[in-house]
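Structure, as structure tokens:
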């Protein structure tokens, strides 16, 4: 019984052992994944950075925008590159784009710098004694003058000279607010709130195209979708270093000299259902607007201080006709066609059947009229003739063919960007003024009202210049390039070898993101090229910025833009050094693919390697593990620190770290050299002692024997020599030769040393051969023993498996028999129910 019980216990142990072995084999079959660092991967994140500008300005042109652009911008790239990103979808939001804010600040800087060297009109903030201007009625009836002018006389501050000048009624206000109609005392409109600066007499403010560029380490993504509305995902994306040339045209209601839609008209709004939000319309065909100030007049120069002059319209005793009368003309057919398309588009978006365009409901002159700069004068044109029509799906009422003439007023004192405390006095321009522009967009607002109504009223808007820049920057966004990526691989770092080579330079910067739409496996193949393009782009941009900064330093006009360029230059180098510092901390300096000892945690991402490397892009992968990137970085750093400690302890053992180096050729040469030195030293000592011995004997009167004299060899203690009475063995004595002379002694010693070395070396070789023979024999026996043991255990495993299968089969059979027996009994019981009922009834009847 005990034997059977032990046998059963052994069988159970074998069963559990086989199960554990299977579990271990299953666990070992799962491949371990390790974190691998990649440098040069196409990954970016949304960012805010300092942009710099590029332009084709000419320093010899005295126009204000040219002067500003010469000082503030770098030259444009003669061969701009735009690289399409395949399989990339990116979200854009034109209403929350920091590029708009930066451009707004930059254009303010443009105007401020243009006005900086000009005269401040603080001495002109005095009382003006004004009367109505006497005009000659020579008008042709087509254009009516809407605003009167005042002929004013005043004394310049700190002077007694009385000056006469004409001012537009819009530029002056009566001092006595209670009696505005009959008042004769006036002041300039902005004297009590703003500092008025007179524009330089030769400034015309003619805008030139300005490109806004991202510094090195950053890129600008561009949406190339022709129907993109400014917000949401865009699947047709490219990367550029600079935007297209944007003309900083200051205007309201109508957008001038911008870009056109390539297909149909595009309506853009942050929230079209919110009537407070501005509606930006991008036309698909431009409409020419020609503005003219048809009358000439003269201007006078009044000295108001040391090297300071005020330019005004001559007022005293000079009849100049309708001075300042201006107008703009637009093709009625082109405007009618564009407005009809806008109405149709708005009707579809707002779900309205009738769209009515009406003039502005009121506000500042910049909002109620179309404001633009024409030849240096600021025109304020009445657009009520443009926005006065109704459009529906069946019929429309509006303009006929012909020309629409917009009456315009001219203001000399203009609020700059609606900023408190900033105003500009535009000096009068002599001669005729003509300018031609292209209407490429509209700024509109809607009245709102009942949502269930089928009617909607649209009015012109504007005033916030950010909307002007937004109409051009809607398709751009700035991103920060993150060239370091981590991903799981099967490779694990074994030994850290410190690399001293640096990553090379070459190619161009934009090619770095060219592989953004490729899978991770395809993109990782070109890491070296992409890393070189990253550094090359930094160097290329730094050279351009440095040239611009050097030019500013030469002109001694290093402005805010110069500081921005310095910031961009330093920022790019700092970002590159930061990435290199991270790679150095992780032990990955100079490497594009760097394995680590950090195991990949499936909680970060449980995707398979094939799914990661064959189906995902680097951007998709980065979004998936973005929450764990900081943790992975810290684990890599801790692993590298521990590895450096281990490496230090290993290096302290010095040459024991690698025993194989003992058998290198350099080591063998060193061994031979050491052997020769030892042999030479022994021979030298032998010679020295022999000479000293001979000299000592000669001094004692001893004469050396000849070379043929044989001396008896001392016998051992077991071989006694001949004694006095009984003779021993003498016939087999050996003798040694006593040499005489330095060279003979040297030869004898060298011969004996060689013989000694030969015998010892032979003995050593024989011993080594014997050891190798024994080791081989023992090793062979050990291999045979292991083979037999392996066969034995394999047989045992087979027997155990067979026994386990037999046991399982027997147990299954027994349980199956029991189940069958139970089923049979149940069936019999069911079948016997009628019989039992019958028997019971029979007993009851008996």
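FYI, residue positions are counted from 1 along the chain as it appears here.
Every residue, even glycine, has its Cβ placed from backbone N, Cα and C.
Among the features that Swiss-Prot reports, N-linked glycosylation site is placed at 151 (among others). DSSP assigns residue 151 (N-linked glycosylation site) to a strand segment in the three-state reduction.
Here Swiss-Prot flags 179 (among others) as N-linked glycosylation site.
Residues annotated as N-linked glycosylation site in Swiss-Prot: 229 (among others). Note on residue 229 (N-linked glycosylation site): other Cβ atoms within 10 Å of its Cβ, all shown chains, come to 18.
Positions annotated as N-linked glycosylation site by Swiss-Prot, on the basis of sequence analysis: 236 (among others). Around residue 236 (N-linked glycosylation site), the C-beta neighbours below 8 angstroms that are at least 6 residues distant in the chain are 84, 223, 224, 225.
In the shown protein chains, 10 other C-beta atoms lie within 10 A of the C-beta of residue 271 (N-linked glycosylation site). Among the features that Swiss-Prot reports, N-linked glycosylation site is placed at 271 (among others).
Within 10 Å of the C-beta of residue 388 (N-linked glycosylation site) there are 14 other C-beta atoms, taking all protein chains into account. Marked as N-linked glycosylation site by Swiss-Prot: 388 (among others).
In this structure, residue 392 (N-linked glycosylation site) is part of a beta strand by DSSP. Feature annotation from Swiss-Prot assigns N-linked glycosylation site to 392 (among others).
Its own atom aside, the Cβ of residue 401 (N-linked glycosylation site) has 8 Cβ atoms within 10 angstroms in the protein chains shown. Here Swiss-Prot flags 401 (among others) as N-linked glycosylation site.
For residue 438 (N-linked glycosylation site), the Cβ neighbour count at a 10 Å cut-off comes to 15, with all displayed protein chains included. The N-linked glycosylation site annotation in Swiss-Prot covers 438 (among others).
Positions annotated as N-linked glycosylation site by Swiss-Prot, on the basis of sequence analysis: 451 (among others).
The N-linked glycosylation site annotation in Swiss-Prot covers 601 (among others) and rests on sequence analysis. Using a 10 Å radius centred on the Cβ of residue 601 (N-linked glycosylation site) and all shown protein chains, the other Cβ atoms total 15.
Taken from Swiss-Prot, the feature N-linked glycosylation site covers 627 (among others), and the record attributes it to sequence analysis. Cβ neighbour count for residue 627 (N-linked glycosylation site) (all protein chains, 10 Å cutoff from its Cβ): 9.
On the 0 to 100 pLDDT scale, the model's mean across the region 'V1' (130-151) is 56. Look at Swiss-Prot and you will find 130-151 tagged as region 'V1', backed by sequence analysis.
Feature annotation from Swiss-Prot assigns region 'V2' to 152-191; the stated evidence is sequence analysis.
The annotation region 'V3' is assigned in Swiss-Prot to 291-327.
Taken from Swiss-Prot, the feature region 'CD4-binding loop' covers 360-370.
Each residue of the region 'CD4-binding loop' (360-370) gets a DSSP state, and the totals for helix, strand and coil are 4 helix, 1 strand, 6 coil.
Helix first, then strand, then coil: DSSP counts for the region 'V5' (453-461) stand at 0 helix, 6 strand, 3 coil. Rounded to the nearest whole angstrom, the C-alpha distance between residue 392 (N-linked glycosylation site) and residue 627 (N-linked glycosylation site) is 53.
Between the CA atoms of residue 388 (N-linked glycosylation site) and residue 151 (N-linked glycosylation site) there is a gap of 35 Å. For the recorded site, residue 438 (N-linked glycosylation site), the DSSP three-state label reads strand. Comparing C-alpha positions, residue 151 (N-linked glycosylation site) sits nearest to 438 among the glycosylation sites 229, 438, 627. Cα distances from residue 438 (N-linked glycosylation site) to the glycosylation sites 229, 271, 401, 601, 627 are smallest for 401. In the three-state DSSP scheme, residue 271 (N-linked glycosylation site) is classed as coil. Here the CA atom of residue 627 (N-linked glycosylation site) lies 32 Å from the CA atom of residue 271 (N-linked glycosylation site). Looking only at the glycosylation sites 229, 601, 627, the one with its C-alpha closest to residue 401 (N-linked glycosylation site) is 229.
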